[in-house]
């Protein structure tokens, strides 16, 4: 299977449960969610005029709308050519679950990688059983119950106090599932949002995710 790849790079995971973990990011093109505050708007559309060769994907220095169709063998080849040492792989987007991720996650596991998918939960999740699912629900799009139940952690973006109402409605749907890993993440390092997240995390015994890669000014 071929996937529309926007970029592949090695860095440190800056969000959620795996914060601080050396990771290889595989960013897929295409997203129907369109959050106003999204910091990867260049992944929204999969326009033919933006398609380039996969060799050029390797050379990308800056994030942009350019993408390339790549199969799993080509993706693994790039990782080996680059001699990247991280063993944790983050499949993100865009919305990666627009695509069937079963093949890519299984093949990467055969190469001794641990896979993580970052998803809004608006699409069916198709991946290996061992893949770690980071669910990031969005108020403007319905979150599938199957996605909520499959998730290993919920990483919820917060801008104002009212945003927490939607999270509470989601948690009610899975009241029979013990979900210890709930992260609140202030949007765009907004100070008011940060204070809301800190106070709520303390009250609820949830966790705080602050996107450390942005503070460290790394990719």
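Just so it is clear, glycine is given a Cβ too, placed from its N, Cα and C backbone atoms.
The substrate binding site feature in Swiss-Prot is assigned to 12, 13, 14, 27, 92; the stated evidence is sequence analysis. The annotation domain 'Radical SAM core' is assigned in Swiss-Prot to 18-219. For 31, 35, 38, the entry in Swiss-Prot reads [4Fe-4S] cluster binding site, with the evidence type sequence analysis. Summarising the annotation, Swiss-Prot assigns Mg(2+) binding site to 40. Residues or ranges marked as S-adenosyl-L-methionine binding site in Swiss-Prot (evidence: sequence analysis): 94, 136, 137, 138.
Here the features listed in Swiss-Prot are painted onto the structure.
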{"residue": "12", "record": "substrate binding site", "CB count, 10 Å": "17"}
{"residue": "13", "record": "substrate binding site", "CB count, 10 Å": "22"}
{"residue": "14", "record": "substrate binding site", "CB count, 10 Å": "20"}
{"residue": "27", "record": "substrate binding site", "CB count, 10 Å": "23"}
{"residue": "35", "record": "[4Fe-4S] cluster binding site", "CB count, 10 Å": "18"}
{"residue": "38", "record": "[4Fe-4S] cluster binding site", "CB count, 10 Å": "16"}
{"residue": "40", "record": "Mg(2+) binding site", "CB count, 10 Å": "16"}
{"residue": "94", "record": "S-adenosyl-L-methionine binding site", "CB count, 10 Å": "28"}
{"residue": "137", "record": "S-adenosyl-L-methionine binding site", "CB count, 10 Å": "23"}
{"residue": "138", "record": "S-adenosyl-L-methionine binding site", "CB count, 10 Å": "18"}
Non-site residues, in chain order, whose CB comes within 8 A of the mean position of the CB atoms of 12, 13, 14, 27, 92 at substrate: 11, 15, 23, 25, 90, 118, 213, 219
Alpha-carbon spacing, residue 38 ([4Fe-4S] cluster binding site) to residue 138 (S-adenosyl-L-methionine binding site), which is rounded to whole Å: 11
Cα proximity to residue 14 (substrate binding site), best match among binding-site residues 31, 35, 40, 137: 40
Local backbone state of residue 31 ([4Fe-4S] cluster binding site), from DSSP in three classes: coil
Predicted model, mean pLDDT over the domain 'Radical SAM core' (18-219): 93
Set of same-chain residues at least 6 away whose C-beta sits under 8 angstroms from residue 31 ([4Fe-4S] cluster binding site): 38, 40, 43, 44, 93, 94, 95, 98
Site diameter for substrate, Å, by largest Cα distance between 12, 13, 14, 27, 92: 15
Integer Cα-Cα distance in angstrom, residue 35 ([4Fe-4S] cluster binding site) to residue 13 (substrate binding site): 21
Between residue 138 (S-adenosyl-L-methionine binding site) and residue 13 (substrate binding site): CA-CA distance (Å): 21
